[in-house]
C-alpha cells in the first residue's frame with residue numbers, strides 16, 4: 001500500500017493560523033473582527049478559523065498545500081483581546097499578506113475578507129470593526145474622482161458647509177414638476193438638490209426626461225444667482241452599461257455632478273463610474289442605501305467605517321455619513337471617527353472613537369461627508385460645530401416643508417448656515433448660543 005503522506009481528518013485551525021508572535025508588516029492588510037464563538041470554542045481557535053477561512057485555509061490538509069508556501073500567503077490571527085463587559089466576545093486581529101488581493105479591486109478585497117467567514121458554524125456572530133489599508137495597497141486605487149479641494153475650486157465656494165436638499169415626494173412627481181422644485185430650491189440659495197436614492201427610471205418619470213428638466217432648472221438658477229449650482233442626477237441603473245449611458249448623457253448636458261447608490265449598485269459598477277467621472281470632470285455623489293442591512297447589528301456584519309474606507313478607495317466625492325444630532329454622545333465620537341477617515345490624510349488609532357488602526361491615506365483625495373435625514377434649520381448650529389466646513393448638509397423635508405414654500409425654505413437654510421459660520425468665526429459658542437444665533441438671523 002502507498003505510504004501515507006499526511007493524516008486525513010479535521011485539523012485545528014489554531015495550529016497553523018494562530019501566531020501571537022507574528023510582527024505585522026507595513027504592507028499587511030490588518031482587520032479587527034468582533035468574534036462571538038459558539039459555546040465551547042476557544043478564542044484562539046475561533047480567531048484562527050476566521051484568519052484561515054478568509055485566506056488560504058480549508059477544513060483539512062490538502063495535497064496541494066505542498067505546492068505553495070502557506071507561510072507566505074496565509075492570513076494570521078496575531079492578537080486576541082477581550083471586549084469589556086462582554087463574557088463571550090473578543091476582538092481578533094488578523095493580518096493578511098498583500099499578495100492575497102487584486103490591485104485596485106474593492107470587490108476582491110471584500111470577497112476575500114468578508115466573503116465566506118460570516119456563515120461559519122463555529123461562530124455565533126462576527127463583525128468586521130475596522131480595516132487597516134496599507135499605502136502599498138491604497139496606491140493601487142484611483143480613489144475619489146476629485147476630492148474636497150478640487151470640488152471647492154470647481155464650485156467656487158469656500159469657508160462654509162455646502163447645502164443640499166432631497167426633492168420630495170421622492171416618488172410620483174412628473175419630470176417637469178420635479179424640475180420646478182429643483183429650480184426653486186437652487187434659486188433660494190442651496191448649492192445642490194438631490195435625486196432620492198430610489199429615483200432611477202420609473203414609469204411616472206423616465207430618467208432622460210428628469211435629466212433634461214433638471215439641467216434646465218440648474219441653468220436658470222445659475223443665471224439668476226451668479227453661483228454654480230448642481231443637482232445629483234442618479235445614474236444608478238440595472239446594468240453597468242445603462243449606468244454609464246446615464247452618466248454620459250449628464251456630461252453632455254453640462255451638469256457638474258452625478259450620483260450613485262454604491263452598495264446596491266455594487267463596488268465594481270461604482271469604481272467604473274468613479275473612473276469615468278474623473279476622466280470627464282464630473283463630481284460623484286454617493287448614497288449608502290442598504291448600509292444598515294450590513295452595519296446595524298452591533299455584533300454581526302460590518303461597521304460603517306469599513307464601508308466608508310471602501311468607498312474612499314472605490315471612489316466618490318460625497319458620501320452619506322449619518323447626522324449625529326439628537327443621538328447619544330458616544331455615537332458622536334464614533335461618527336466623527338469615520339468622518340475623519342473620509343476627509344483626512346492621516347488618522348491616528350483611537351479606540352474611544354472606534355478607530356482600531358492608524359490609517360495613512362498618503363495623498364488620496366478626501367470625501368465630503370453628507371449629513372442627511374430628519375435634520376432642519378434648528379439643527380444648523382450643532383451640525384456646523386460637529387461637521388465643520390468640509391461637509392454637505394442636506395435638508396429634504398427641512399427645506400420643502402417650509403410653510404411658505406420651497407424657495408423660502410432654501411433661503412432659511414442658507415441664511416442659517418451663513419449666520420452659524422459667522423458666529424463661529426467670531427468666537428461665539430454655537431452649542432450654547434445656537435438658537436439665539438438663528439433667531440437673530442431670521443429677523
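Here the Cβ of each residue, glycine as well, is placed from N, Cα and C on the backbone.
Here Swiss-Prot flags 168 (among others) as active site, proton acceptor. In sequence order, 196, 396, 397, 400 constitute the residues six or more apart from residue 168 (active site, proton acceptor) in its chain with CB-CB distances below 8 Å.
Its Cβ placed at the centre, residue 287 (active site, proton acceptor) has 28 other Cβ atoms within 10 Å. Taken from Swiss-Prot, the feature active site, proton acceptor applies to 287 (among others).
Marked as substrate binding site by Swiss-Prot: 116, 166, 170, 288, 320, 372. The Cβ of residue 320 (substrate binding site) has 24 other Cβ atoms within 10 Å, all protein chains considered. Under the DSSP three-state reduction, residue 320 (substrate binding site) is assigned to strand.
According to Swiss-Prot, the N6,N6,N6-trimethyllysine annotation covers 7, on the basis of sequence analysis. When Cβ atoms from all protein chains are considered, those within 10 Å of residue 7 (N6,N6,N6-trimethyllysine) total 8, not counting its own.
Per Swiss-Prot, the feature site 'Transition state stabilizer' maps to 327.
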Binding-site residues: 170, 288 - member with fewest neighbouring CB atoms within 10 Å: 170
Sparsest-packed among the binding-site residues, when each Cβ's other Cβ atoms within 10 Å are tallied, from 116, 166, 372: 116
Integer Cα-Cα distance in angstrom, residue 7 (N6,N6,N6-trimethyllysine) to residue 288 (substrate binding site): 48
Rounded Cα separation (Å) that holds between residue 287 (active site, proton acceptor) and residue 116 (substrate binding site): 26
Conformational class of residue 7 (N6,N6,N6-trimethyllysine) under the three-state DSSP mapping: coil
Greatest inter-residue Cα distance in Å for the substrate-binding set 116, 166, 170, 288, 320, 372: 37
